[in-house]
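S.K.: Below: one structure in structure tokens.
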């Protein structure tokens, strides 16, 4: 049975998926799901949303957690959150608890947050500061570089401390962003990181702090959260607060861009050039992009009135009129950097229909709450926008769960960013599913 959306009746896409699972030559359910998922990806209709199982099936979710979230570089936090030796942050990536900690000479380490004794989590708080990493269960004690220092009582004469250090996780950072990858061989990212460093150099990311943080759980698949972010087709009807400052166009390459917008961009780019801040659009495939775009003329910050949220500007920026430096990192982050503050977003799947969205507002390290900025005022635009997006994603999920759902067409004019994301997702998943397929085939002797 074909899985192409143009052939399968909408009400039977899940049936087709189940048929492939049932007829797979392998007994392992995840291997069977792999074959069925790869087949759906090969036959999916371009410029359309994905078939229903990609948004609600636990087996597809398990596959994409393995092939994407346990493989890609994921944004997990900011270096300013672990400023000194012993500072740590934790993050949950699927079933995998991870700890990122600052060690000697400022070195940043990442480990599986799992004791090598009996598997208990070491650090249970989101953030903290410790002299050593100590398991709360039996007090096994680790150095900040992961070496096991103490293993309790009577482990036997042959017990080897050196063989029981914490299991490391790949970690890197640039422009104040922390990224981890659970893969043994993470994908190449150096070009993007170098550009991230260059574009954020004027913001002096060693001198920022988190002024506010929000964590909300959306009852929607993580891809719906990202899809919603990758277009502003919905903005006029959903985001009055955001449109006080944001211009919907993504860049001058946006097919909707008007001559007036291109003129504004040209004037702003001349201003940014004079201020010596990078602005040119940079793409790294469909996974990463950076671009500086103007806001509504006369607006300098994403606030309710367009005025700065912080009187202390970021880094060495000479004035607040810096537009919005937009940074996209798939699969789990989008960001806006303005002259006075920045807003960074992190997306982490919790289940097939549940996603954690974390928002952090950054200001200059020396900005004083109550003097230079009011965190509640700073948050208003994106608190409202994120909640509106939550409602949109959740209603999208409810509709997709219906037997009436079938993949719908994207607009190349308004939803080109969604097309890019879904294409990136599909290509990435398919290449990795195909790459591992031979090792799972049963060979008859």
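Note: Cβ is positioned from N, Cα and C throughout, glycine not excepted.
Grabbed the feature section from Swiss-Prot, which reads as follows:
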- 115, 117, 135, 138: [2Fe-2S] cluster binding site (BINDING)
- 234, 239: Fe cation binding site (BINDING)
- 73-180: domain 'Rieske' (DOMAIN)
S.K.: Determine the mean pLDDT over the domain 'Rieske' (73-180), rounding to the nearest whole number.
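M.R.: For the domain 'Rieske' (73-180), the model's average pLDDT rounds to 97.
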S.K.: Look at the binding-site residues 117, 234, 239 and tell me which residue has the greatest number of other C-beta atoms within 10 angstroms of its C-beta.
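M.R.: Most Cβ neighbours within 10 Å: 239.
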S.K.: Given the [2Fe-2S] cluster site residues 115, 117, 135, 138, which other residues of that chain have a Cβ within 8 Å of the mean position of their Cβ atoms, reported in sequence order?
M.R.: 116, 118, 120, 122, 137, 139, 140, 152
S.K.: Return the residues near residue 115 ([2Fe-2S] cluster binding site), defined as same-chain residues 6+ apart in sequence whose C-beta is under 8 angstroms from its C-beta, sorted by sequence, else 'none'.
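M.R.: Residues satisfying the criterion: 121, 122, 135, 137, 138, 140.
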S.K.: Could you tell me the C-alpha distance between residue 234 (Fe cation binding site) and residue 117 ([2Fe-2S] cluster binding site) in angstrom, no decimals?
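M.R.: Cα-Cα distance, residue 234 (Fe cation binding site) to residue 117 ([2Fe-2S] cluster binding site): 51 Å.
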S.K.: In whole Å, how far does the CA atom of residue 117 ([2Fe-2S] cluster binding site) lie from that of residue 239 (Fe cation binding site)?
M.R.: 50
